[in-house]
Amino acid sequence: MYALEICGLAKTFKGKKMRTVEALKGLNLCVEPGEVLGFLGPNGAGKSTTIKCLMGLLRPTRGSATIQGRDISSAEARRSVGYLPENPAFYDYLNAEEYLLFVGRAFGMAPELLAQRTEEMLKLLELWEHRKRLIRTYSKGMVQRVGLAQVLLHDPDIYILDEPMSGLDPIGRALVKEIILDLKKRGKCVFFSTHITDDVEKICDRVAVINKGQLLVVDSVQNILQQGTEGYTVTVVAGDGRREEVFVTTDRLQSFIRDAAGESRSIEKIEPRRKDMEAFFLEIVAR
Amino acid sequence: MLNMMRITLKGVFRDRVFQGIMALAVLFLFIPSAASLSMRQVTELSVTLSLSLISFILLLLSVFLGGTSLWRDIERRYTFGVLSLPLSRSSYILGRFLGLALFLVLVSVVLGVAACVAVNVASSLYPADRPVVWSFVALALVYATLKYILLVAVALLLSTVSTSFFLPVFGTICTFLASGISQQVYEYVHSAAAVQTVSPLFRQVVTAVYYLIPNLAGFDLKINAIYSVAPNPRGLALTACYFLAYTAILLAGSIFLFNRREMK
Ligand SMILES: Nc1ncnc2c1ncn2[C@@H]1O[C@H](COP(=O)(O)OP(=O)(O)OP(=O)(O)O)[C@@H](O)[C@H]1O
Ligand SMILES: [Mg+2]
């Protein structure tokens, strides 16, 4: 069973004066349990729309989706999900601790466990000292941290995060990366949208690229990086100890190594030179 | 749902609007002296003033809290966080409604006690001819509270279809005003005198509106409380049934509409 299964999802917004926006045009996507999938796309591509449909906030115009086999139209489907909205806002008359208690109760957590997890999450996201302050007084990044805390609170199997890094300082970003990698290690499924190709490269198993409401590519990060390999930078040490860096294309690599051995030059280092995720992304979207 | 209720109550108590409106309760302090100005019927007057003040405060609370609570959640995008929890839309609406209803009950209990003190002070200064029947005062309070709880349901229903606070707040006020006069207008257009002058279409419109908007006249027991006249038990029971049925219909409508609402 897939953690997330999206079948032919389409969403059309009806604007004023008969104007319509086709935000999603028949999206098909499956996410395995235990997989970290990056949802990459430029502004207005339809990432948030997809996620809002999954969370039952928007009603799809066509198509369907399931979360762990349960149709998204029922509230029960969301029981195993932690969702972080884009630019989140939480009841600002509560403090962080009260909000987490509210979320935990909605998930039916036992009181002792809830108290313990609340403390852990507040400490993990460095909100512990601020837990008694009203969310109204929080900075943007602190609100984002509250959002992450409420996602992790009930330890769900599936994480749906809409731009989890947005609004965070470098320390916060590093922390989020660490958290996602830790979730991956524990076999959780993470589906997150982002614009930052570097994050995808570092933490995702697979990447799905969306533009103008259509899915362009779904592939493993490893494949993409492999395919993007243009050649290798080979460092060779000649007989007299002189070091030299040579660029070798992929098809010539084997013969180069053989020749080097014949000429008694030793090879010190072979580094693939490749297009990174960003180049790949730009190329795909421009296509 | 209980969870949602708790959050609603907490939100109301920390709300500036609530704090501002409750400042009106200070007026209770002046009721005995104001009533004593009349020199006669001081007790009756103090009961009238107290009940009117409570009604007014409850009206403001029900209109503003009922009309803005949903709107604010949507406007400030709290709904993304809340409705993505495993919480159905119906329990969200019911939680909100019950939270506000419970809040109105709490307020009327507190204000009721204040009113009792005020009336007691007034009547000790100028003993009344007819003693105050406290149970009638309490009954008047209970029915006033029910009336405003019903108004909260009206406000919620309007909030579920509206994207601003304008429709729920002013729609609720209009409903309240119209329900106060609908009985008279209805009786007038159906009276013998009006049959000649009023066009049949207008009469039909009035009749339709009369049946559509809530009839709140039955909830008003002020006269009974002021002059210590026992209310008609059958009327009370009917009004209570009316309250339950009408509120249930409003809530069912709200849930139906809110289920269809998209969070953009
Ligand atoms: N409520 C709405 N009414 C009309 N059009 C909308 C609405 N919400 C989104 N859209 C349109 O749908 C498209 C997809 O928007 P969406 O928010 O999903 O983009 P996104 O991929 O999340 O972008 P970003 O990276 O900026 O967050 C956009 O063209 C947007 O203008
Ligand atoms: Mg977005």
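Along the chain as shown, residues are numbered 1 onward.
Placed from the backbone N, Cα and C atoms, the Cβ positions cover glycine too.
Nobody curates TrEMBL annotations by hand; they come from automatic prediction.
Features as listed in TrEMBL:
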type	residues	note
TRANSMEM	B:50-71	transmembrane segment
TRANSMEM	B:92-121	transmembrane segment
TRANSMEM	B:133-158	transmembrane segment
TRANSMEM	B:165-186	transmembrane segment
TRANSMEM	B:236-258	transmembrane segment
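The transmembrane segment (B:50-71) is in contact with the transmembrane segment (B:165-186), judged by 3+ CB-CB distances under 8 Å for residue pairs 6 or more apart in sequence.
Among residues of the same chain six or more beyond the transmembrane segment (B:236-258), those with a C-beta under 8 A of the stretch's C-beta atoms are 89-90, 92-94, 97, 139, 143, 146-147, 149-150, 153-154, 156-157, 159-161, 214-215, 218-219.
Sequence-distant contacts of the transmembrane segment (B:165-186), counting only residues of its own chain at least 6 positions beyond either end whose CB sits under 8 Å from a CB of the stretch, comprise 59, 62-64, 66-68, 70-72, 151, 154-156, 158-159, 206-207, 209-210, 213-217.
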